[in-house]
Amino acid sequence: MTSNQGKRLSTSSAASQLIGVVESINKNASDYRDSDSDNDLPIKSMAVDSGRNSDGGTDDDNSYINNPLFAVPSSAPRTLRGGRKNGGTSTTISYPARPLPAERPRTPLQKTPSVMSFGRDPRTAPPRSVLLTRRDLQLRYLVLAIGCLLYAGSFYSYDIPSALHEQLRERMTASNNFETYFNLLYTVYSVPNVLLPLLGGYFVDRVGPVYCIYMFSLLLLVGQSTFSLGTYLRSWAFMICGRTIYGLGAESLAVGISSLVATWFDKPELAMAFAMTLSVGHVASILVDVLSPRVASAQGTVWAVVVGMVPNLMNVILSLVLFYVEEAGERKCRGNEESLRDLTTSLMSDVGGDSNGVTFNFPTDDDDDDSDVLDDEQDAEDDNYSKRSWVSDMRTFGPVLWLICIQGFLLYGIAFPFNNIASGLLLERNYLRDPDPGCTLRYPDQCTSGTEVSDSSPNPSVDASGALCPPSFAESGIAPVLPSSLNFTYTSEDWLFPSYVYDDLKRSDVDCDDPFFSEACAKDFCDAQAAATKKTGRIMSIPYLISVVLMPIFGIAIDRIGCRGLLFLASSLLFICVHLTLAYPDMDPEAHVTPPTIPLIGQGIAYAMVASVLWASIPLSVGPKQTGTAYGIAVSFMNTALAIVPLIVAKIYNANDEQYLPAVEGLFVSLAFLGIISALALNVADHYNGGKLNALQDLQTFWRNRRPSEEYYIDEPPPSLYPTETI
């Protein structure tokens, strides 16, 4: 027997053993299909050929058997590597095959589908147990927890100025245009983010989300530190500079967190993960409304601002932890890959084959996301599409998307600017109202309460008849009367200034961080203001508390029942009712001032509607390849509103004799009215565009039927799953 004949017999023997293994798998597959009608899929498996198969056929008429281990469709088997050219019999391992489900239209990039995508469609993808990815690891929940805390740290510091509105007013007494400068703190935050959302994703894609999160967290810490320094120095320049730096990092941090979460969570869990991060972020907004006034009352305004650096420092530490979490996830996936490679090599040896020279290349997490390998022509087409999408896509967007963006501009222009001034507005409306003009001090040019007022000669407030005005602040919510003028040159070592000369003392002139006012001259007013700001902090957190609870509920409901365009209309109507009620607190002169609780609950419901429906509507208004650009445009519209509306609020406030009511609330009512008009136009446009926004459908079904993505068209498995050797 020649050496060549010996090799042929050895090869035939190995092939016979492999055929036996395959037939055994086929028998198990038949039992498997008979026992599980839900998985009754026509799955085809490997075929082994030794020149001619067992029934005398050639390679073109191989018989196939059912194999539940694979689910890779193809109308004919595809050989991994051809036979030997020097004659003799050869055994080839062919790809498992099964017919595709009903054909759906393909995108231009799918003219020659030839790639397998893992874990996308359960009808066509192999079992996820074949290879571990990050989305299979329990570590993803740790990543989600870190993402939630990162959002919370960002939200906490963002809302500090609004929570300390009155305290900052008192501290910055040298400023004649406090409201303008205060609203500028939010404008400079938003102006850079008109364009940054369109660019932030590029940097995340280039260097990775973890590194970007670390860099953006450092920006937050630097920005909040600069803002704290400006508060200590009473310098608007430092404060505005700090908020600008903070804005550069905060929105880009959100992009990085979103990219990180999308890397670790698969589509069935992705919406839940995003809802969790946003909800926890708003929990931080609630905490800052409650805690900051208390810290300011106990330790001073500067310390309340400095406390905001703690969450930012926590963000930096957590971003460093993410490096180790990413490394641990990569190590687990790599270990699973090596184990699978060793197991496959061992199985090949067991059936008599020589595993030497067999190469196994396993997909990475990046392959799980982008496993579709296109040919050169398709790559060029994809590159051309990406290059033109930034400019030409905006020209192709229909009226539905632009009306959605207008809704975001108008309704976000109500929700966030209102929260910025909610503390001052609620004090003016309910909890520290101006006293009756008929009430004056018995001695108008002297202090009212404190060490500068002797018990033997008090200075109470009286009306025109000489009767005492209502003294109980706790019951009435009316601020104590302040002196009309002051002239003090005596200096205590604790006082901040050598003299206090006011010809016309206003509430904005009183700095309760200064012991002259808080202990010596206007102690009753400062005590009342401290109590009122604490109460206001609790009350103004109601909208965020309501939205934290309702946003996940609205999100699930919208996915199930649709009616997105109608919810835009409903939220605009609700905003009008809320702000009309806030604008006129005492429409009935015989009744007490209406409490703000009910309108603030309405504010929370309206905001939850907007936040839930806005971002869920954008993918329905554009093509699959245009979603990222559409989101960037929507975020830019939103930040444009957050940059412009606060400046308009400040202008109206100053023109209205430093009063919020009713003029500022009139602005919010006007925006909501424009929201109704644009919502009606949106529903009409959606009707002529197929009614996608208001369609009653399940979102998962929508995505499966709508997106003709290459991930659903699989003609052959990736070579990395199978040995590439002719036996």
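Heads up, residue numbers simply count up from 1 along the chain you see.
Just so it is clear, glycine is given a Cβ too, placed from its N, Cα and C backbone atoms.
Residues or ranges marked as compositional bias 'Acidic residues' by TrEMBL: 364-383.
Residues annotated as region 'Disordered' in TrEMBL: 26-122 (among others).
According to TrEMBL, the region 'Disordered' annotation covers 358-385 (among others).
Sequence annotations record features per position, and here TrEMBL assigns transmembrane segment to 141-160 (among others).
For 180-204 (among others), the entry in TrEMBL reads transmembrane segment.
Feature annotation from TrEMBL assigns transmembrane segment to 211-233 (among others). Residues 150, 153-154, 157, 168, 171, 203-204, 239-250, 252-253, 255-257, 259-260, 301-302, 305-306, 308-309, 312-313, 315-316, 318-320, 322-323 of the same chain, all 6+ positions outside the transmembrane segment (211-233), place their C-beta atoms under 8 angstroms from a C-beta of that stretch.
Marked as transmembrane segment by TrEMBL: 245-265 (among others). Within the chain carrying the transmembrane segment (245-265), a Cβ under 8 angstroms from the stretch's Cβ atoms is held by residues 134-135, 137, 139-140, 143-144, 147, 150-151, 154, 157-158, 188-193, 196-197, 200-201, 203-205, 209-210, 212-213, 216-220, 222-224, 226-227, 273-274, 277, 315, 322, 329, 365, 369, 635, 639, all 6 or more beyond its ends.
Summarising the annotation, TrEMBL assigns transmembrane segment to 272-291 (among others). For the transmembrane segment (272-291), same-chain residues at least 6 beyond its ends with a Cβ under 8 Å from one of its own Cβ atoms are 144, 147-149, 151-156, 158-160, 162-163, 257-258, 261, 265, 307-308, 311, 419, 537-538, 540-541, 544-545, 547-548, 551-552, 555, 611.
Long-range contacts of the transmembrane segment (303-325) within its own chain (CB-CB distance under 8 A, at least 6 residues past either end) are made by residues 139, 142-143, 146, 149-150, 152-154, 156-157, 160, 164, 167, 210, 213-214, 217-218, 220-221, 224-225, 227-228, 231, 253, 260, 284, 288, 291-293, 295-296. The transmembrane segment annotation in TrEMBL covers 303-325 (among others).
The annotation transmembrane segment is assigned in TrEMBL to 397-418 (among others). Listed by sequence, the residues of this chain that lie at least six past the ends of the transmembrane segment (397-418) yet keep a Cβ under 8 A from its Cβ atoms are 183, 186, 425, 543, 568, 571-572, 575, 579, 603, 606-607, 610, 614, 617-618, 621-622, 626, 630, 633-634, 637-638, 640-642, 644-646, 649, 668, 671-672, 674-675, 678-679, 681-682, 685-686, 689, 692-693.
Summarising the annotation, TrEMBL assigns transmembrane segment to 541-558 (among others).
Within its own chain, the transmembrane segment (565-585) is flanked in space by residues 407, 410-411, 414, 418, 425, 429-430, 554, 558, 593-594, 596, 598-600, 602-603, 605-607, 609-610, 612-614, 617, 661-662, 665-666, 668-669, 671-673, 675-676, 679-680, 682-683, 686, 693-694, which lie at least six positions past its ends and keep a Cβ under 8 Å from the stretch. The annotation transmembrane segment is assigned in TrEMBL to 565-585 (among others).
According to TrEMBL, the feature transmembrane segment maps to 597-618 (among others). Beyond its flanks by at least six residues, the transmembrane segment (597-618) meets 278, 401, 404, 407-408, 411-412, 415, 418, 539-540, 542-547, 550-551, 554-555, 558-559, 564-565, 567-568, 570-571, 574-575, 577-579, 581-582, 627, 630-631, 634, 693, 699 of its own chain at Cβ-Cβ distances under 8 Å.
Positions annotated as transmembrane segment by TrEMBL: 630-653 (among others). Here the transmembrane segment (630-653) has Cβ contacts under 8 Å with residues 177, 179-180, 182-184, 186-187, 189-191, 193-195, 197-198, 201, 251, 393-394, 397, 401, 404-406, 408-410, 412-413, 416-417, 420-421, 614-615, 618-619, 621-622, 659-660, 663-664, 667, 671 of the same chain, all six or more residues outside its ends.
Look at TrEMBL and you will find 659-682 (among others) tagged as transmembrane segment. Within the chain, the transmembrane segment (659-682) has long-range Cβ neighbours (under 8 A, six or more residues past its boundaries) at 399-400, 403-404, 406-407, 410-411, 413-414, 417-418, 421, 424-425, 428-429, 565, 568-569, 571-573, 575-576, 579-580, 582-585, 645, 648-649, 652-653, 693.
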